[in-house]
Amino acid sequence: MKNKLISCFQKIKDFSSSLPLKAYKIYTFSSLILVAAAIIFYFYTSIKFSVNMPYSDDYDAILDFIIKFYTHNDFGYRLYLFFSQFHEHRIVFDRLITLFFFNIFGKIDFKILSIVGNFGLLFIILFLFIFFKKKYNLKISELLPVVIAMLSFSQWELMSNFPMASIQQYYELLFSIISITAFTCEGYGFIFGIVFFVIAVFTGGGGLFVSPVILLYLLLTRQYKRFSIFLIVSIIIFYIYFPLLHYISPPIKDTLIFCLKNPASLLGYMLIFIASAAKNYALIFILAILLVLNYLWILRRKLNKNNHSLILLISFIFLTSLVVGLNRIFLGFDSAMFSRYTMYSLFMFSLSYISLFLNAKVENDRKIIALFGFILAIVLYVSWVPTAYSELSDKQHMLNSLMSYPYQDKAFENIKFAKNQGWFTPQKNVYERTKREFYLAENIKQLRKYSAPPLLVLTYFNQYPFPFENKQYKLVINVYDSINLYGWAVDPFALNTASFLYADIDGKLYPLTYGFPRKDVVRLFKIPQFKFSGFNSNVSIKDLPNGKHEFSLIVVNHNETAYYQTNNITFYKEIHD
């Protein structure tokens, strides 16, 4: 009896010890199928929610660019358009791609451009796949966690309906990765590194961060000749990018002072940024600390030649997190978790996995790390799918309902012009709705006037926190050329959203961008119809004369039969210094 029990326990022990290896065999066999399935599902989702309408920066970076390019024949002006600044960036690659596909199809197709942007992510994965396979002789099954993690739906904002951002960010990261890894290679690697550094810089501003990372690397590895050459190249590129092309710096003086006084806040922002794909704040900080410890552990090898590329790529992400923090910390820690930034976090997870895998010397340990990495990647992937589908569905609804650009007058003017030229075919219902919106701006008196107010919260007026009702404010505007309005409005009588929202300045009505999703309003009232009740819009006041002006908001009810006008607020416009 005793021998039977011993035999039974031995079998259980043998089975449990062999279970991870058996699971690994199944995992290895299914690797190619899983890679194909993840890629297909990613692009299926992207196309499923795609709408042929511009979103946010697409209006300037794509639509307005095409209009300006083809309404001016001057070569010098066209060249200027390519290299002109867009926010902090010079998006030359974005504009080349836009122009290329415009000439192929004869019109702007935002769906096609969105797919092209997503191919940038696919190229990143493919490059990492080829590079790590060749450099470290890794198998497909061992790289599968990288593929699954990099295709995570945490980056839903770039997946669909934001081609300007997806082209810029994915290809900027792609060219930066190629540049950094090329510098660690023999032969023509140094030349390729310089070429892709220049391309990365003029794809997005983040490409500039390649320079300090590589200069430090060349200095520490005593490659003094290459250091001198790349230093000269960097100085030339920085000179072209900033003074020669008249770079306009964003107002970050106050942010820099804040960060110098509060370095812990900046460090916290950086930690959130590098692990933002983890979704939960507590988990983010735990993972961020582990990522930092892993980085320090790799560094202790004192730039072992086999780890050069990993160290440089991780350093590049840390430097990116620092600069983004300096530019965005005033928006709060939540801005470090913006969907479009999580691609850096996913990349950091992938690099850390590779470093752990390479430092496991025993074959069975490697198999367990690969299997465990795969499980974590799947958990991350699955956890983001419901969120991404909800967000993409809301975005699709919004693009099928309104022109999602802060300045409605400029958006409608450009859409109308491009439509008449045959350069773009907008969604019919969006175009007709916007025409109706501008018609009512001129004929609001056709509607009856409510005496009872709708539910309206104006959270920000020109970026000043502002409880709206029953208050009078004296606001002096001497810095901005526009008023920013942010909040939500609903029609409580119809238990639905309002139809239109206007800013009234001195009797002239300016249509506002209304219809953004506000899940907090739904939670507050427990009325699903209030979901798309948000507004976030700008009104240009640069043409207003200096002096006193009267401002109010007009809300048109859901059925477009009546409107309500708030009490006036006085503001003053002064001459700029």
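Cβ coordinates come from backbone N, Cα and C, glycine included.
Database features, via TrEMBL:
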type	residues	note
TRANSMEM	26-44	transmembrane segment
TRANSMEM	112-132	transmembrane segment
TRANSMEM	170-191	transmembrane segment
TRANSMEM	197-220	transmembrane segment
TRANSMEM	227-248	transmembrane segment
TRANSMEM	268-298	transmembrane segment
TRANSMEM	310-331	transmembrane segment
TRANSMEM	343-362	transmembrane segment
TRANSMEM	369-389	transmembrane segment
Folded-back contacts onto the transmembrane segment (343-362), same chain, C-beta under 8 angstroms, at least six residues removed:
121, 124, 128, 132, 136, 138, 142, 145-146, 149-150, 152, 154-155, 158, 169-170, 173, 273-278, 287, 290-291, 294-295, 298, 306-307, 310, 313-314, 317, 320-321, 369-370, 373, 380
List, by number or range, the same-chain residues at least 6 past the transmembrane segment (369-389) whose CB is under 8 A from its CB atoms?
20, 23-24, 27, 38, 45, 141-142, 144-146, 148-149, 151-154, 156, 159, 277-279, 349, 353, 356-357, 360
Near the transmembrane segment (197-220), which same-chain residues lie under 8 Å Cβ to Cβ, leaving out any that are not at least 6 residues past its ends?
83, 88-94, 168-169, 171-173, 175-176, 179-180, 183-184, 226-227, 230-231, 233-234, 237-238, 241, 303, 308, 312, 315-316, 319-320, 323
Remote residues contacting the transmembrane segment (268-298) - C-beta distance under 8 A, at least 6 residues beyond either end:
152, 154, 307, 310-311, 314, 317-318, 320-322, 324-325, 328-329, 333, 336-338, 341-342, 344-346, 348-349, 352, 355-356, 380, 383-384, 387
